[in-house]
Every structure is written in C-alpha cells, then in structure tokens.
Amino acid sequence: MKEVKEALFMNKGEGESSYAQNSSFTETVTSMTMPVLENAVETLFSKDFHLLQALNAVDLGCAAGPTTFTVISTIKKMMEKKCRELNCQTLELQVYLNDLPGNDFNTLFKGLSSKVVGNNCEEVSCYVVGVPGSFHGRLFPRNSLHLVHSCYSVHWLTQAPKGLTSKEGLALNKGKIYISKTSPPVVREAYLSQFHEDFTMFLNSRSQEVVPNGCMVLILRGRLSSDPSDMESCFTWELLAAAIAELVSQGLIDEDKLDTFNVPSYFPSLEEVKDIVERNGSFTIDHMEGFELDSPQMQENDKWVRGEKFATVARASTEPIISNQFGHEIMDKLYEKFTHIVISDLEAKIPKVTSIILVLSKIVG
C-alpha cells in the first residue's frame, strides 16, 4: 500500500467520476470567497510599494478543477485595477500551482492555457508554474511569497492519526473509517492531535516562505459544532464505512482492512483552528468565519438522481485514497453499494457543508 502522500489526489482525467467534472461545489465556495481574496490583494498593495513590479502567489492543493482558474483570474483582475489606479505601466504576476505529485497536472495545465494565461494583457503579464510536493513542508525560498491561497486542501492530513491500535494490536475504531458517534474518545483525540501537528507544520513552512506582511487566504472544510462526530463532519465517511462493511459481509473485503483504515482528513472547528494559529505565533488572524451551504444535490427533487449525483461527487474526491487501502478492482462494486446506501439514507436531508475561511498576515519581526 502506498503512503498517503502518494495516494492522496482527486480522480484524474475528465470522465464521469473525475474531479474535473465533479468540482462545481468547490468552485461555488471559491467564487463566494473571492471578495476576501480581492481584499487581500488590495491590502498587499497598500503595504508594500515593491508589489507594483511583481507579485508572487501560490495556490496550494490546487487539484485539477476550475477553482484555480478563478483564483488566478481574480488576482490578475485586481492587479489590473491597481495598475490603472496607480498609473503604472506594467505589473507581473507569478503563480505557482502546487499539489502532491499524484495530482493530474496534465488536465490542469491543458485547461489553464486557454482559460487564464492566453495572451498577456498590456497591464499584467501572468506566468504560471507547477510545483509538485507536500505543502506540509518547505516548497519555496525564504521570503519569496506575497500571497498564499488554498481551497479545500488544508484539512487533509499527512497520515492517518497515530495511536489508533491498542497495545495488543487491536483496532480502536473498529468498523469505522473516521470519527463516529461510536468511536471511543481516544479516536477523537488522535485526529485532533494529528491535525494540530500537520497544521503547525504547514504554518511553520509558510512562515519562512511568506514575506513580512504577506497574506494567506485559506478555505477548508470544518464544522460549527464542538462535536467532531456530528453528521456535518461525518456524513460521507459514515455511509462509505457502511458500504465497505456490506462488502466485508459478502466476503469481498477482509474485515481487518476495514478495521485498520482511518481516513487521513479532519474537519476542525473554528476554535481549534484559532487555537493552533495563536499557539504558532507566526501569523495574525485578520479575518475568520465559518459558513454553511446546502449540498448542490439537494436541488434535485428526485431522490434517485440526488443520490447518484452525491455518490459521483463523493467518488471523485475519495476513490484514490479508498482504493489504496481496499484495491482498485473492488471500487465499482463499492461505489455502487455506496450509491444505494446514499439513496436510502436520503429520505433524511443531506447535512449542510461547513467551510472555514481564514485570512492570515505574517507577523513582522
């Protein structure tokens, strides 16, 4: 089985279950938060006169969907606006697109050339470079980045939480793949501890790369509740665990594979994120809020259509890490079972999706 950093990516290509075809919700969230990004660019220009020449920005965990196009276009548009306001001749925008090496950079750049870069306008020249690697470590030289953006990536962990087996080697989260109502307290504690460790590494790395007064705009999946086992956090993972358990009962998956698998992801609360940032001490929090949106599948009146669409979207972002544990050959049966479970469960409403947006400025000195 591959390590998390080798198996964590969204479904590739442009097929029915690809991330490129199933990232409309992420695009909606990105578009909603663009005013915050626009304000961040505006603030950068008010802080540093040298930005009138060039701005270095990075989109961390960019995946291969259209969100990156929106981010680059927004930054470029704001720079063009500042160029006109300040009566400068030209500005340059250097954008780095980062994700783990398994990301579908081919699909990303194929769409990028026609949608964003194209012919550089007279006011802003835009240059785009791919940077494969883990954002939990260093990626760039010291004091080289003015702006960091990330959408729906920082909640992914470097590994499954440590300490989820007993001294006797027994699984402590038996039958589940994430925190659930039946998980013992040690599971919740292990997930928070792993997120604390990983997010601290993320902040430490960025604190060296971002210039003084530089800015980060981070959007991540989270929760408004203090309880990490609430359905707003666990809905998809609970139903996937149920689908896997069905295949275990049919003898298609070893029970041990289910009992020893824990998803390397954590949806934190606002308080948990705030505490980690403040403890780290490298950045000030300029803005922070949580907001809820209905799952787009809830717009469908037919529960069968609603369930199938929900399952397809979930497959686009979960299949690579799930297949790494349970095997590629079982994925069609697994997600078919998942779809049936989703449809039967959709007699109840799909929980709203909670996001956290965080704007951080690097502390000077």
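Even glycines carry a Cβ here, placed using N, Cα and C.
Pulled from Swiss-Prot, these are the features on record:
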| type | residues | note |
| --- | --- | --- |
| BINDING | Y19, C62, D99, L100, S134, F135 | S-adenosyl-L-homocysteine binding site |
| BINDING | T26, Y152, H155, W156, R221 | theobromine binding site |
| BINDING | N173, D259, F261, N262 | Mg(2+) binding site |
| SITE | H149 | site 'Involved in substrate discrimination' |
| SITE | R221 | site 'Involved in substrate discrimination' |
| SITE | S265 | site 'Involved in substrate discrimination' |
| SITE | V313 | site 'Involved in substrate discrimination' |
| SITE | H328 | site 'Involved in substrate discrimination' |
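Sitting within 8 Å of the Cβ centre of N173, D259, F261, N262, and not among those site residues for Mg(2+), are the Cβ atoms of A160, L164, A171, K174, K176, I177, L258, T260.
Neighbours of H155 (theobromine binding site) among the recorded positions D99, F261, N262, H328, defined as a Cα within 10 Å of its Cα, are absent: none qualifies. Take the CB of R221 (theobromine binding site) and look out to 10 A: across all protein chains shown you find 21 other CB atoms. The theobromine-binding residues named in the record, T26, Y152, H155, W156, R221, extend over a maximum Cα to Cα distance of 15 Å. The residues near the theobromine site, meaning same-chain residues not in T26, Y152, H155, W156, R221 whose C-beta sits within 8 angstroms of the mean position of the site's C-beta atoms, are G61, C151, S153, V154, I219, L220, S265, in sequence order. Contacts of N262 (Mg(2+) binding site) defined by a Cβ separation under 8 A and a same-chain sequence distance of 6+ are given as A160, P161, L164, N173, I177, Y178, V187, in order along the sequence.
Sequence-distant neighbours of Y152 (theobromine binding site) (same chain, six or more apart, CB under 8 Å from its CB) are T26, V29, G61, I219, L220, R221, S355, listed in sequence order.
In the three-state DSSP classification, T26 (theobromine binding site) falls within a helix.
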